[in-house]
Structures are given as C-alpha cells and as structure tokens.
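In what follows, a structure is listed as structure tokens, so that the remarks can point back to it.
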C-alpha cells in the first residue's frame with residue numbers, strides 16, 4: 001500500500017511542475033498588443049534586476065510610436081555610482097517588430113556611458129493599457145530553456161501605484177514568469193524632478 005501512496009505523491013508533484021513551465025518559450029504575452037494604446041507615460045513600480053548597472057529607482061518611461069509605426073522609449077531614473085554618488089540618468093530604446101506584436105527586439109543605451117547598453121528581447125507580458133503593464137526580457141538562456149539572466153518591470157500609469165485588482169493580476173503574471181518574490185519595489189520620491197544640472201547625466 002505504501003507504494004501506491006508514493007506513486008500518488010509523485011503524480012501530484014509532477015502535475016504541480018507541469019502547471020509551472022519555466023521554459024522561456026512557454027511564457028505567454030499580451031494578445032493583439034496595440035503599440036499606439038500602450039504609448040505614453042508609465043511609472044515603474046517594481047523591478048526584477050538583471051546583471052549590470054541600470055536605473056535603480058524613480059524610473060519613469062515614455063513610450064511613443066512614430067508615423068511609420070516604430071516604437072521607441074526614453075526613461076529617466078536614479079543611479080548610484082561608487083556606492084555614494086546619486087545621479088539622475090537617461091536611457092533610450094528603439095524597438096524592432098517581430099512576428100508577435102507583443103515581442104520586440106529592443107536596442108538600448110544610456111545617455112551616460114557608464115549605463116548598460118544592449119539589444120535584448122522585450123516582451124509585453126500583459127497590460128490593460130490604462131492601469132498596469134508587465135514587461136519581461138531574458139538575456140541569456142540555460143540549456144534547459146529556462147532563463148539564466150532576466151529582468152522584468154511592473155509599470156503603472158499612476159505614480160502612486162496599482163489598484164488591488166491590478167495587483168492581483170500582476171502577481172499572477174509574476175508567478176507565470178517563474179519570478180515570484182524576486183521583484184523589489186521602486187521608490188518614487190521626486191528625486192529626479194527638477195534636479196540641478198550637477199545631478200543630471
């Protein structure tokens with residue numbers, strides 16, 4: 001009888017793993033993503049950090065779509081250099097379309113040379129366009145198809161945060177990305193609002 005319970009336990013564990021496929025190729029993205037509706041100002045509320053030096057808090061991104069339909073973005077935020085020097089810095093990104101309207105290749109660079117630059121996948125996992133958005137990027141795959149170096153942002157249209165119903169959806173998307181409890185909250189305290197030139201890069 002013990003072996004029956006052992007088989008049942010293994011089956012339960014197996015089904016649990018099946019429900020949570022952490023291969024990047026299995027992750028869902030926003031269906032019929034609309035770049036025009038997504039454009040405008042987004043405030044980063046939470047972030048799963050990658051390797052390297054990126055904007056750390058007070059992050060505000062502005063997405064736009066030109067007359068040819070190409071999406072681009074600028075972002076401003078605080079960066080700490082040498083463990084004790086806080087500056088506000090800008091990053092710029094341009095997006096190349098793929099066959100999936102919610103999956104882009106994003107070429108990005110910092111206006112200041114110390115910030116990261118690269119050409120990463122940029123996926124819009126989910127958004128309602130008016131309240132929340134979840135972005136995901138995997139920069140390096142493991143041999144088993146899971147991600148070795150990823151980053152992800154939770155965005156809000158409101159700098160004061162997300163309403164409870166949106167928070168619930170976001171938590172579900174974080175689980176689906178196998179990134180639950182790996183995000184840190186992003187502060188918005190006005191540090192980069194109207195800073196003097198000596199604090200801007």
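Glycine residues also receive a Cβ, built from the backbone N, Cα and C atoms like all the rest.
Annotated features, as they stand in Swiss-Prot:
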BINDING   116  substrate binding site
DISULFID  22-178  disulfide bond
DISULFID  88-192  disulfide bond
DISULFID  138-147  disulfide bond
MOD_RES   139  omega-N-methylarginine
SIGNAL    1-18  signal peptide
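Feature map: Swiss-Prot annotations on the structure.
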{"residue": "22", "record": "disulfide bond", "contacts (Cβ under 8 Å, 6+ apart)": "146, 147, 178"}
{"residue": "138", "record": "disulfide bond", "contacts (Cβ under 8 Å, 6+ apart)": "24, 121, 147, 149, 150"}
{"residue": "139", "record": "omega-N-methylarginine", "contacts (Cβ under 8 Å, 6+ apart)": "50, 51, 118, 120, 121, 147, 149, 150, 151"}
{"residue": "192", "record": "disulfide bond", "contacts (Cβ under 8 Å, 6+ apart)": "58, 60, 76, 77, 78, 88"}
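Just so you know, the Cβ of residue 116 (substrate binding site) picks up 15 other Cβ atoms within 10 Å once every protein chain is counted.
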